[in-house]
There are 4 protein chains.
Amino acid sequence: MGEDITAKRKDAHLDLCATGDVEPTGNSTLLECVRLVHCAMPEMAVEDVDLTTTFLGKRLRYPLLVTGMTGGTERAGAVNRDLALVAERHGLAFGVGSQRAMAEDASRTASYAVRQVAPTVALLGNIGLYQAVRLGVDGSRRLMDAIGADGLALHLNAGQELTQPEGDRDFRDGYRVVEALVRAFGDRLLVKETGCGIGPDVARRLVDLGVRNIDVSGLGGTSWVRVEQLRASGVQAELGAEFSAWGIPTAAAIATVRRSVGAEVRLVASGGIRTGLEVAKVLALGADLAGMALPLFRAQQTGGVEGAEAALGVILAGLRQALVLTGSRSCAELRQRPRVVTGELKDWLAAL
Amino acid sequence: MGEDITAKRKDAHLDLCATGDVEPTGNSTLLECVRLVHCAMPEMAVEDVDLTTTFLGKRLRYPLLVTGMTGGTERAGAVNRDLALVAERHGLAFGVGSQRAMAEDASRTASYAVRQVAPTVALLGNIGLYQAVRLGVDGSRRLMDAIGADGLALHLNAGQELTQPEGDRDFRDGYRVVEALVRAFGDRLLVKETGCGIGPDVARRLVDLGVRNIDVSGLGGTSWVRVEQLRASGVQAELGAEFSAWGIPTAAAIATVRRSVGAEVRLVASGGIRTGLEVAKVLALGADLAGMALPLFRAQQTGGVEGAEAALGVILAGLRQALVLTGSRSCAELRQRPRVVTGELKDWLAAL
Amino acid sequence: MGEDITAKRKDAHLDLCATGDVEPTGNSTLLECVRLVHCAMPEMAVEDVDLTTTFLGKRLRYPLLVTGMTGGTERAGAVNRDLALVAERHGLAFGVGSQRAMAEDASRTASYAVRQVAPTVALLGNIGLYQAVRLGVDGSRRLMDAIGADGLALHLNAGQELTQPEGDRDFRDGYRVVEALVRAFGDRLLVKETGCGIGPDVARRLVDLGVRNIDVSGLGGTSWVRVEQLRASGVQAELGAEFSAWGIPTAAAIATVRRSVGAEVRLVASGGIRTGLEVAKVLALGADLAGMALPLFRAQQTGGVEGAEAALGVILAGLRQALVLTGSRSCAELRQRPRVVTGELKDWLAAL
Amino acid sequence: MGEDITAKRKDAHLDLCATGDVEPTGNSTLLECVRLVHCAMPEMAVEDVDLTTTFLGKRLRYPLLVTGMTGGTERAGAVNRDLALVAERHGLAFGVGSQRAMAEDASRTASYAVRQVAPTVALLGNIGLYQAVRLGVDGSRRLMDAIGADGLALHLNAGQELTQPEGDRDFRDGYRVVEALVRAFGDRLLVKETGCGIGPDVARRLVDLGVRNIDVSGLGGTSWVRVEQLRASGVQAELGAEFSAWGIPTAAAIATVRRSVGAEVRLVASGGIRTGLEVAKVLALGADLAGMALPLFRAQQTGGVEGAEAALGVILAGLRQALVLTGSRSCAELRQRPRVVTGELKDWLAAL
Ligand SMILES: Cc1cc2nc3c(=O)[nH]c(=O)nc-3n(C[C@H](O)[C@H](O)[C@H](O)COP(=O)(O)O)c2cc1C
Ligand SMILES: Cc1cc2nc3c(=O)[nH]c(=O)nc-3n(C[C@H](O)[C@H](O)[C@H](O)COP(=O)(O)O)c2cc1C
Ligand SMILES: Cc1cc2nc3c(=O)[nH]c(=O)nc-3n(C[C@H](O)[C@H](O)[C@H](O)COP(=O)(O)O)c2cc1C
Ligand SMILES: Cc1cc2nc3c(=O)[nH]c(=O)nc-3n(C[C@H](O)[C@H](O)[C@H](O)COP(=O)(O)O)c2cc1C
């Protein structure tokens, strides 16, 4: 695809994500099926909450990742810098969006470059699995290095591609590509979905190949199938409507993937996580980090750095509150607390 | 019943089906209780999807049957030719509607004759069980041969008959008739319901008699009880209302029938299937083919061949998409994938 | 209580039942949690349906009882005669309402006397448990004999009494009274509730004392608590609102009572049964007869004998249709057919 | 915090509780998931209901506690006196609200003093866990003695504190404080929540330390998180919204706590109990007493002593009615009766 087309499409995407109906109302993370249990005697102070963790060899103050969203244009550059700055200030991890536009035109690199504002942040580059095929290991590494990233997020988005008129239709050899990348990047590679979820079978195979970081990015938040539906017409739009509820709900994905891989694999849960209480729920279900894209993007679009920081402030306060009110100093303690699973999530846990 | 009455009634039926409320809103196939599971790494191309199958000794490109609907009038003839043409072009199977009108008046044969437009299609004749009693084996065979059909669909519709003022009230000796027909037609016989569903007990008995093709045609789509309700008044209309939710939901029927009969029996799942994703779900639950009537009829009525072809196009694209997104090249692979069963469908599977 | 007061109250009751909101919308028989299973090959004619049964030593053409409702006034007399006539014509059983008004004033006997219009009907007298205490065995027998009844229905209505300002507050010695009556009347005694349901524990004790006929009369139809709520004000009205959903849903009552007593006990299921399909469901769950009050009363009020007959016609046709469509010639066959139990009814069956 | 601020805040609280939306509609006690089972033959009179119990060494006529609400101002004093008078008259237990305002300014003692109107009532003082830390055992005892209380309610409210801008953030050493208090007060100490619930783990630890009275005060009624949300703005208000459904529903709390502690521990169930039927349900689930705050407060605010008495009258009548209609003379008998548990409560009972 031509370079300008990629950039134009990316801009349409940003517009839709900023104000469009990209979270179909029927969809759910199934996190509403998880109830953490109140501890009336927390025996701790809010300041005792310690959620520091390591990710990509760096220390985070909070187990949060701003998942990859954008790059390639002026506007995208501002988004990246604003959110990276926020991540730097609060000790979160940060990921840039797909670097395909940059691979096509090196002059776009600046829009992905956040090291000036975020010198110490745990930083992820980003490329699609099938772009990685074209770029090869070396091309991929160049993308990562050009922005001083600590790791590379390899994104899977077959659902989106199929709904996109100009999208990929050939998903062969995925594991072979992953294998090559994992050999080259080791612990620096993260494999992620983009809103349809990674389930236990795929996760196990990835881990067997050596992958050590997975972002399940499940159903319930930003739907890329829906985004493409909104851009499309005719058959493609009808298919988009049909499949905009397709995917593994985030709660089901993270719980079953954790069950299927060992504790040493770093798991990110993203897709529809909107509050600190929901962050706590995915940590309880087995995530090491929670990831968020849309809410921080929207906060940045309407309020810049301050807007994003305010939104994050509510999330962090809610997260600390959830920890205290379950009597958990840490993620490890949180996981030992009781929790109640209801409704459809029980069916997913029984089936997967 | 007089010949004109049969034709007139058929026309009223077509009108009601074209625009009437013949799918009661409370009814459900329970396919919404089935969630196929996203495979983030499909390892295949869309073109790898191979759903070819054999049916009535012929090869199909897609496991789809346009189930029998009409015949006997000019308008009906156009429906048959248009949809048979579409089936021929795309490699589906096709069935004509009840040939009773033709048995009553041979001059109506032309309206069932589709071989000119569909020379190679897998073609099913159609007759009601209790008409077959009257026609006998030879009369039934003549209906099939007169249109060059590859097989005969024997339809069961006790629910409709009872709601129809002029309908049958005597359903004795059904299995004896089936036995005679199966002896005569062997693999060319298909037994089908018309929207109330065939359950595992009836299926097993049919298979024990030698039946090798069954279309469960369950609850959730076109309701013939509702159609008759709309035509009736008084007691009959009240009964229609009472029984328009009667039947075995399609998802429950196909899953339990497959469990009760061996893999060698060809199973069609019809009744309320509207999208390619739903086709994939019934294949996953054990169907060899999915059947559809109303949506293709309606598309033909409003848009002729092109209308039907467009509707089918969306369905086939959705079906391929579902296969790819579960990482399944074939129906056999699809069945091995995990799936989640929720809600009321669990109760049906436990009870039947 | 004075005689006129009893009569006046009864009239207010009739008015409320005729047009008031006496079936609280949230209440349910839980019969919607029962799905009978379609049999696509019934192998029978409608005329093969044989639901004849015996009750109180008489033969019924249908397993239906018009449960006791009224008596004591002119209007009540007309209701009794009209419905008894319909019962006589169609071979159902019939019960008069509480004969307390007649016990208080013998001149009211005529309003309960239906033998002239219904010489062969299986006829039940009716008295409340605590009136029976006052009347004694002989007084009770006189009530029954005065109208030529075949049996006596002893009604339990503690729920209503407590909501009624002038109602009973003392329910002691109930079993002792039943014991005396059963010794005197044997198989001619029926014990019934009036819309709150008899559960398995009470049923077992009644059967241990020798009771051979029980009408569980469960929650989901006419609510006498609601009727009294509508008549009351202040505390009493608030209590009525609080308890108008009190009771054992009819489906739960009949299924669990049948499980707890032997096949020789005659069980009636009443309370909220409105259609022939629902009659079939209670028979499937273990009832020998289904009972109905409100719908026939209302049909009589608006259309006299013809109105009641028309309403009954729909019910009987629906019942036959349900039998045929499950492939059941008889109640015994119906019970052997599969059925699906869903939702809250599962919880009741597990708990009781 | 300054004394006036405490008093002012308390007044804002009263206003909000009197008329504000302090019971979030989505919240539930899950008592609607409990169905008591109708007993058609109660074999008892209403007057046989005997719910007398002992609490804090005193005899109650009803197992009801007016849980602690207020004190410190004129208006609060009137609430205390009116409700204490009602409790005295009907033989309930009564608790004053947090005595912190009184600890800060002894001149406020009069507003907590109810012995003049309620000389024999079982009376509870009230102090927050973290105020108790500051006051020490002796300070706490002085509060109790100053109003002639029979016991001291120690309230836990971490959920509220965290939502309150000026609230506590440090919950360390809670059990150590409890231990000291229990050593000093023994059976006179009650530990209570304030609407988020005490679960089985916390209860067991409290009991292990010697606590003999626990009020689980669960989710489903007055939400203090919501109250604070209504008072707050900005982040604090958003957090309040996020956590206003936080907590263990009252039905889940009482059932699981009873299961986890022996029969000798006195358990109060409060939080969202509004009717006599709900009182009966918590008794059936294991409570020794039911507690109520908001409904009696509101009745007092609109109708003074008479208003409160009228509201209580309905509750007591409903409670007696529930006992009679389950055929239970006493709380002990009620617990032996069958009950049906449905829906989400099943999940809580399975998880905790
Ligand atoms: C505006 C926007 C752009 C995105 N672009 C990318 C991308 O380039 N690469 C990628 O891996 N994921 C991308 N995503 C997906 C997110 O990283 C994330 O997986 C998904 O949106 C689910 O999280 P959410 O519900 O919090 O938005 C994008 C998301 C948004 C909202
Ligand atoms: C217009 C129309 C006419 C039909 N006529 C027949 C028929 O003659 N014979 C038959 O076996 N089924 C007939 N059917 C039933 C269908 O074959 C099918 O079993 C049923 O409609 C359920 O599928 P659907 O929900 O996709 O319509 C008819 C259906 C329609 C919509
Ligand atoms: C108008 C009316 C009057 C009734 N009177 C009596 C009565 O006197 N004695 C009695 O045992 N039941 C009486 N019942 C209760 C019915 O027999 C039956 O148990 C109850 O109404 C549930 O059935 P339904 O929902 O079909 O009305 C009466 C019901 C109605 C509607
Ligand atoms: C107006 C009001 C004031 C309250 N103040 C206190 C208090 O000072 N101390 C305390 O322990 N609980 C307090 N509570 C909480 C109640 O004691 C009770 O635990 C909670 O409200 C749940 O019961 P409810 O839903 O019946 O109101 C208060 C409740 C109300 C409604």
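Using N, Cα and C of the backbone, Cβ positions are placed for all residues, glycine too.
The FMN site recorded in TrEMBL includes D:Thr67, D:Gly68, D:Met69, D:Thr70, D:Ser98, D:Lys192, D:Ser217, D:Thr222, D:Gly272, D:Ile273, D:Arg274, D:Ala293, D:Leu294, and the single candidate from D:Asn126, D:Asn157 that the record places there is D:Asn126. Mean pLDDT for the domain 'FMN-dependent dehydrogenase' (D:183-336) in this predicted model: 97. Just so you know, the Cβ of D:Met69 (FMN binding site) picks up 24 other Cβ atoms within 10 Å once every protein chain is counted.
A distance of 11 Å separates the Cα atom of D:Thr67 (FMN binding site) from that of D:Ser98 (substrate binding site). With a cut-off of 8 Å between CB atoms and residues at least 6 apart in sequence, the same chain places D:Thr29, D:Leu31, D:Gly221, D:Thr250, D:Val279, D:Val282, D:Ala290, D:Gly291, D:Met292 near D:Ile273 (FMN binding site), listed in sequence order. Taking Cα separation as the measure, D:Lys192 (FMN binding site) is nearest to D:Gln99 of the binding-site residues D:Arg9, D:Lys10, D:Gln99. Of all Cβ atoms in the protein chains displayed, 25 besides its own lie within 10 Å of the Cβ of D:Ser98 (substrate binding site). In the three-state DSSP classification, D:Gln99 (substrate binding site) falls within coil. Note: D:Arg9 (substrate binding site) has non-local neighbours D:Arg231, i.e. same-chain residues 6+ apart with C-beta under 8 A of its own C-beta. In three-state terms derived from DSSP, D:Ile273 (FMN binding site) belongs to neither a helical nor a strand segment and is classed as coil. Other C-beta atoms found within 10 angstroms of the C-beta of D:Glu161 (Mg(2+) binding site) number 22, with every protein chain shown included.
As a whole number, the greatest separation of Cα atoms within the FMN-binding residue list D:Thr67, D:Gly68, D:Met69, D:Thr70, D:Ser98, D:Asn126, D:Lys192, D:Ser217, D:Thr222, D:Gly272, D:Ile273, D:Arg274, D:Ala293, D:Leu294 is 22 Å. Residues distinguished by a CB atom under 6 angstroms from ligand 4 are absent from the binding-site residues D:Arg9, D:Lys10, D:Gln99, D:Arg100, D:Gln160.
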